[in-house]
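Novice: Let me begin by handing over the structure; questions about it come next.
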Amino acid sequence: MAKKSTAKAKPVVGIIMGSISDWETMQHTAEILTELGVPYEKSIVSAHRTPDVMVDYAKSAEKRGLSVIIAGAGGAAHLPGMTAAMTYLPVFGVPVQSRTLSGMDSLLSIVQMPAGIPVPTLAIGKAGAINAGLSAAAVVALSDVTVRRKLKAFRKAQTAKVEKMELPA
Ligand code: RP5
């Protein structure tokens, strides 16, 4: 019998966020990637507070084998745009719901990129975090049949769940 490998698969998706306070939102990205069998890494990288770490992360991402980066940030959320400026990899932006402006600030900071450096931007909060994971999985699925199979099964299960929904009499 073949020996079961205990080696962890190399991450193909990088999840980054500006602060530990973003994890409450970004954990949903990690959860969906785990469910779909997409190997990922996660780190706190702040555009404002650890700019040098952000530069290193973005510039080394492609060489380290990542295919997609998902960047979550709140407030004046420069992390996704700055990261996208320093890599050719797709960078998906997740606006974290901020305490003062409910995430409208995060959304507008991330989505309103001038033409030239795109940041495909998801919805504010949990839905955006999950959809960022699903979008990254769809990119990975282009060249990974196992992830493609899991993504299709996820959609099928979701459809079945809605079909079973019943309104109260
Ligand atoms: C941003 O500032 C982070 O992405 C976070 O959403 C926001 C607030 O950070 P904390 O004050 O909670 O560390 O850089």
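Each Cβ is built from the backbone N, Cα and C atoms, and glycine gets one as well.
TrEMBL lists S19, D22, R49 with the feature substrate binding site. What TrEMBL records for 11-162 is domain 'PurE'.
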Novice: When you measure from the Cβ of D22 (substrate binding site), which residues in the chain that are at least 6 apart have a Cβ under 8 Å away?
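Specialist: For D22 (substrate binding site), the qualifying residues are I44, G72, A73, G74, V96.
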Novice: Under a three-state reading of DSSP, tell me whether D22 (substrate binding site) is helix, strand or coil.
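Specialist: Note: D22 (substrate binding site) is helical by DSSP.
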Novice: Whose Cβ lies within 8 Å of the mean position of the Cβ atoms of S19, D22, R49, the substrate site, other than those residues?
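Specialist: Near the substrate site, beyond S19, D22, R49, sit M17, G18, I20, S21, I44, S46, A73, G74.
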Novice: How does the model score the domain 'PurE' (11-162) in terms of mean pLDDT?
Specialist: 98
Novice: Among S19, R49, all listed as binding-site residues, which has the most CB atoms within 10 Å of its CB?
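Specialist: Its Cβ has the most other Cβ atoms within 10 Å: S19.
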